[in-house]
Structure formats: C-alpha cells, structure tokens
Amino acid sequence: MDENLLATAATNGVVVTWNLGKPSRNKQDQLFTEHKRTVNKVCFHPTEVYMLLSGSQDGYMKCFDLRKKDSVSTFSGQSESVRDVQFSIRDYFTFAATFENGNVQLWDIRRPDRYERMFTAHNGPVFCCDWHPEDRGWLATGGRDKMVKVWDMNTTRAKEIYCVQTIASVARVKWRPECKHHIATCSMMVDHNIYVWDVRRPFIPSAMFEEHKDVTTGIVWRHLHDPYFLLSGSKDSTLYQHIFKDASQPIDRANPEGLCYSLYGDLAFAAKESLISSDSNRKPYIGDRRHPIFFKRKLDPTEQFEYISSSSALSVFETDVESGSMDWFVHTAKQYALAGRPLAELCDHNAKVAKGLDRNQVAQTWTMLRIIYSSLGTVSSTNLNHSMGKGSTTLPLMNSFNLKDIPSGLGSESRLDRSKGESRTENILMDSSSTLINNEDNEETEGSDVPADYLLGDVEADEDDLYMMDHENPHAEEQEYSLPQEAFPLRHEIVDNPSALDHLQDKADSPHVSGNEAETVSLTPVESFSLISISHSLYENRLPSDFFNPIVRDTLLFYAEQGDVQTAVSVLIVLGDRIRKEIDEQTQEHWYTSYIDLLQRFQLWNISNEVIKLSTCRAINCLNQASTTLHINCSNCKRPMSNRGWICDRCRQCASMCAVCHHVVKGLFVWCQGCSHGGHLQHIMKWLETSSHCPAGCGHLCEYT
C-alpha cells in the first residue's frame, strides 16, 4: 500500500484523495463528485492501491479507480442510507455494506447489479463493520441497539456466534491483530472511553482506555501485526497513541458477587465457592438450590487475559407461590383508568378496583384524592364553619347563651382544665333551631343583610378574640371579660355588672382611648357568655387543594419507598399538573421507568405504551417517539421495495393493492390468513358485511373477526 495516499469524504458528497508525496504545496490528487448526499465511509482495497470504495446517504456505493476520473462501478443497495463499507481481507472480490435499516449486504465487485447476500443484523441502524484479519468468515457489526455482533459467513445463512452488550451506541469496531477473540469498540455518544472486549466474555471489557474527554470518532490498530498500539481520534481535538500495557482492567474493580430478583420474587445469589464454603455455620434455607457456575479470578497483566476458571456457586431462594403472586399487579394495571373521565370518576373507579383486590389502603388513598381535588359540585364536603342549620354555610345567628338555662346531658365536650390539670366535661346545647334567650332587640340582626364590615369591622376570627367562660367554678377568682365596642357594635343596652374589676374600669379613664372605645360590655363568667354572630362565613367552606399537596407528595414517596411504583405513577398521571411540580423531575422519571419496566416484564405492552403517552415527564414521553421505519417486499416478486415509490423496480407492479378499491394501501392493511388477499380495513369490513367471498375473486370464504 502507498503510505502517502489518503482519502477523505465530505458532507456534500465529494470524495477527495490526497498524495502527501507531491512536491507542490497542493497535495490534492483526485476529486469525485458523483454522490449527491453525505458520504459516510471511504475504504481502500487491502491489496489494490488504486481501488477506493465509498458509501453514501443516497443509498449508493461507488468503486473508484484512482487512475481514472470517474467511478468504475456503482452498487445500489435499494435500501436506506449506507453507513459503512469494508473490503474483506481474505476474499479479494468481496466487500460488506451496512445500512440505516439494520441490514447488512455482501457484494462481489464483479457483479454490481445485485448483492450476494443480505441479512438483518441489528434492531436499528448498523453504524460499522469489520472483517476478522485471520478468520475469513467472521464479520463484526455494531449498531444503535448498543450491541456488537460477530457473524459467521461461512454457513449458508449468516449465523450469530457472539454478541457483546455495551452501554451506548457503537460507532466503530476493530479486530485486534493476533488476538482472535479481541475486538476494540468506541461509542457514538455518552461514553468517551475505548473498550477492548473478549467476545467469549461479553459482560465486562478486558481493557479500557480513558484518555479522551469527548466522543471518540475513530480507532485503528497501528499495524496489521501489532496488537499493542492503538490510535484514536476524538472531538476533543486530540489524537492518542495508546499502549496496551497502560490500559485499565475493569475486572479489577468488578464485584465477584451477584444478587438479582426474578419477576415473581425468587432471589438468586452468586458468590465464590470459597466464600460460601468458609462459612461453616451456614444452614440451608428452604427453597435454596445450588448450581455450579464459573467466575474468573483477578487477572495478571502479563497473562494477556487468559481464562483461568474458579468455581463459584449460585443459590436460588424460591418464594412461596401464594406470597409471591403478582396477579394483583396485573389486574390493577389492566383495570385502572388513567384518563378520559373527570377526576372524581377516575378516583372512584380506581378506588373500587383497589378495594376489589383487597388493597384497602390504596383504595382509601384514591378516595381521599377525590375529596381533596374534586370540585364542590362532585363531592359533598363537611361544613368547615360548623354551621348548625341544614344546607347553611354561615354561622348560626345567636347572640348569647344563658348557661343556667342549658339542660345537662344534651351534649358534652371534654377539655383540659389548665388551672387544675384535670379533664372535665361541660355541657353545651348546640342547636341552631332553639332559642336559648328571648332577645327581641336582636331580632333585626337575624337573617339581616347588614354588611359584614358593619358587623365585624376588620376583625378576623382569631383565637385571641374568643373568650371561654368558667361556669363550673364560681369560687375562682372573679374576672370580668369585656368586648370593645369598636369591634362588635351593640344592638341593645347592656347593664354593667356590679362585680366588674376595678382595673378594667380604669381602662376607660386612659387618655389613649376615645369615649366610644371606652364603652365596654361586661359579662360575668358565672352568669352568661356572648357570641356575636355574622351573616357570612368566617372561612371558606373548603381548603384549597394546594394546601394538601405536601401531604399527597409524602404519600406518593411512601408508596414508592414501599416498592409500589404502580400507585405512585397512577396518581401522578391522574392528578397531572396538580401535583407534578411538588416532585422533582428525576424522581418522577425513576418512578416511570421502574413501572414501565415492570409492565414490559409482564408483557403488558399496550398499558406500557399508554403510560408513556400519558406521562407528565418529558424524558418518558420521548420513549415512543423514536422514528419507526417499515420495510416491505413486493407481493409479486418478493424483492425489497425501494424508497422511491410504491411500484416495484423489478416487476413494475404496485405493492399492497386493496382487493376492493385496487389502490395501494399506505396505512393499515388487513388480509385473510386463508387466501392472503386483503386491503384497506374499512373497505374489507364493508365488503364482508354483504358477502362472505373474497373480494379478489379467488372463491375463498373469508371471515372478519
């Protein structure tokens, strides 16, 4: 190969070759402009120095001879964008191409009209591929599904022989020279490190390089026969040469013990055999099953990651069938209503579902949420003002109670006697329909429309304004309680009690008090006490729902800590913006992902998708908004359809024709499993309402179920 020859590609589709051996300042050699879109990869033939291959977003691959000014061959994948192309090291005429739709194609450069083989390698775009330098039939691929797969191409059909799960989309893969099972990878985003994997141990990397501070864009081994030096470039504007002996080994920091719960509550625990055998006092548990497995001991760097096995044991603790049953979870998920109804109906329905599954605490929670957040018209609330009249929302209009006239035994209230420190009972008649004292002068106040500021002024119902009279202890120190006239205007003449205290009477002589303010109402604690009534509520008849938000938040945190993310997420969805701001976004996302994972474990796919759609968390809403691509084959010749229309390029027939209207079905397609004819869903349904025979005329008796 010519070490002075370079090839580059640009986003405008231009492929440029550079000759560093030119004596002039301009090193550009050739320029090719045949691609119409971004060129993702250029690759030289391993043995032919003048043969260059390119793959572009336009779906075409072109082979250039650098001795000519145009391409010598054009290969149409008849598929999505080409992501990578790679010549086989061992096979002169073969190259592999990977595509946006997850397919991999093998081509012979002598036959540009059709690929030799095609198979689906990944769920999503395949970003890279690399042929094994020693084994002719091994092809490694990496994709957006975070997997690296090794395929055996020597068989009739491509066979997956190894699979490595990574933590991010795989951008580049490169086999390590002279190490058959080692492969280097780097990520397209999130993870900036370079990993070297042993495909026989896919769960932890054998080596790791951590020098880059941004996304690694390319990796290559320095020489075809040098396994110790790796070159890498990154978006952090650095080019590193890594020495393999300086690589960190994640196995040194790995935990050799494992713990995992199964879907139905079984607990599996794996540990070293030596660790378990050293515990001589360990007693066998009920449901404890032992299985021999293998873990690897800490590796010496000089051993080049050779396999040395050490015995380990796996214990499985099985739970009782009844106690481990998760039927309640499945039934709850299927029966819960999360949207489409008023809040009160949703809460009532979900409370009924929880009650039917004997989950009384959850049912009570839904009932309380209905009371807290529903409107007045949907919930019968308790009068918070203690109204005595039926249907009334105002205080009863009573001026005074004569404690001597109150019959005993009609009502009781236990309170604490602060002077004696003992509990006692006082009887008070609470009946708004009864007249306790005949006060004709006050009749004009009852039911009147006097403005509230005339009755109360600016005084609110504070605790300091309420006076409790002691009528059971007449021998206690006598004290007169007075009500300033400026707060409660008098409606009739009240005679001062002769037993008033002097220090209260002296208050009228104070120079800081006006004459009107000095006039007071004096009441004897033994005789009676006054209640000044108003014509409107002191309080709103309901507390605002925001008042209870901290309590609801703590309730959801309680359920989540107990492991019941189903209740936490369901309440989040039903309440929506009423409670969403009370819980931080990260906590919500954790609850949603946990619940969605449980739903998918139980294969409740529709409910999982509904939760994603109704989610109030932005990160969760994006889970089902990824682009979905559907690739179809021609129903006549079985050839993959191109993205340029609904007519097959080969047989010139329209794909997916409706048997009723004879137009292409571009949406939902329904077909008969007996004769394979079909069409638009509405057309087929309407046809089968009047006829049981296939609309295509094949004579088959079709049935829509």
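Cβ from N, Cα, C; glycine included.
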Swiss-Prot annotation, Zn(2+) 4 site containing CYS694, CYS698 - matching residue among HIS662, HIS663, HIS677: HIS677
Range among 104-126, 196-218, 265-287, 633-655 that Swiss-Prot annotates as zinc finger: 633-655
Swiss-Prot annotation of zinc finger - which of the ranges 556-605, 656-705 it falls on: 656-705
Residues of the repeat 'WD 6' (211-254) by DSSP state, where helix covers H, G and I: 7 helix, 23 strand, 14 coil
CYS698 (Zn(2+) 4 binding site) versus CYS675 (Zn(2+) 3 binding site) - Cα distance in angstrom: 8
Rounded Cα separation (Å) that holds between CYS698 (Zn(2+) 4 binding site) and CYS672 (Zn(2+) 3 binding site): 12
Whole-number mean of pLDDT values that fall within the repeat 'WD 2' (34-74): 90
Residues that sit under 8 angstroms from HIS677 (Zn(2+) 4 binding site) by C-beta distance, when 6+ apart in the chain: ALA659, TRP671, CYS694, PRO695, ALA696, CYS698, HIS700, CYS702
Residues that sit under 8 angstroms from CYS672 (Zn(2+) 3 binding site) by C-beta distance, when 6+ apart in the chain: GLY678, CYS694, HIS700, CYS702
Sequence-remote partners of the repeat 'WD 2' (34-74) [C-beta within less than 8 Å, at least six residues beyond its ends]: 1-2, 5, 7-15, 17, 80-87, 89, 92, 95, 97, 107, 109, 112, 643
Secondary structure tally of the repeat 'WD 1' (1-28) (DSSP, helix then strand then coil): 0 helix, 11 strand, 17 coil
